[in-house]
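Enquirer: Once you've had a glance at the structure underneath, I'll fire off some questions.
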Amino acid sequence: MLFKIDVSRRALDVEQAKSDLAKAKAAYAQAQAGLAQAKANLIKSSTNIKLAEKNANRYSNLMDGAISKQEQDQVFATRDQSHAEHEQLQAAIQQAEATIKQQQALVEAATSNLHLAELNMHRAAVVAPADGTLSNFDLRPGNYVQVGQAVAALLDRKQLYVVGYFEETKLDRIHIGDEATVQLMGDRQKIKGHVQGIASGIEDRERSSSSKLLANVNPTFSWVRLAQRVPVKIVLDEAPKNELAFVSGRTATVHIIEK
């Protein structure tokens, strides 16, 4: 473990996320209950409509003068009111279904927030991804670290390699797997290695980008051309005698043995 972030705030974030999730689930359950009640009311309304239609048909078949005009109008008004209430209940069901979808989305969002809070809590302990040596590690207790801020460089001692810059005129003599020797400047040891890869591209200095995404080529040309340098990665097959002296960025001489 490299360092540990203060978990007090992370723990509060987890508790807040759990509370928000519980509230969202309660609202979702309430919305489901509202939908069930709306459907029950709709069934009851259908029964009332059938009864109102039956009464309206019965009164319509009666001869004139059998009932008063007021009673007849009241029966028809009850029928029309039953239809209106039925339409309102259908709209209420649609509204309840929309509310359920909205509450379900809120539950999913609250669940994601809880997972994120738990992940941040778990990552409060920053662990090195590999064994190696730290460089430029200046953190002290009480320092603040922002998300995405680089705090140190980790040098993996199990994957040591050297990059040699060879002239393009020599690339036809270099092949993947060729044996190589590496000698650090100021060190007498020659370390064995092999070619792992050759860079597939380098920067074109005669060309620059333009705002119109078109090639902007320098119209002047120097007749004296120097061979371009291409990076070649050399992986070490043996560990150096003094691993601490194998500092990233040091100068080395690389010899590739032709087959």
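Cβ atoms here come from the backbone N, Cα and C positions, even for glycine.
TrEMBL labels come from automatic prediction, so no person has curated them.
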Enquirer: Please find, within the list 79-113, 184-218, the residue stretch that TrEMBL describes as coiled coil.
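Expert: From TrEMBL, the annotated coiled coil range turns out to be 79-113.
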Enquirer: With DSSP, how much of the domain 'p-hydroxybenzoic acid efflux pump subunit AaeA-like beta-barrel' (160-256) is helix, how much strand and how much coil, in residues?
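Expert: Helix (H, G, I), strand (E, B), coil: 9 helix, 38 strand, 50 coil.
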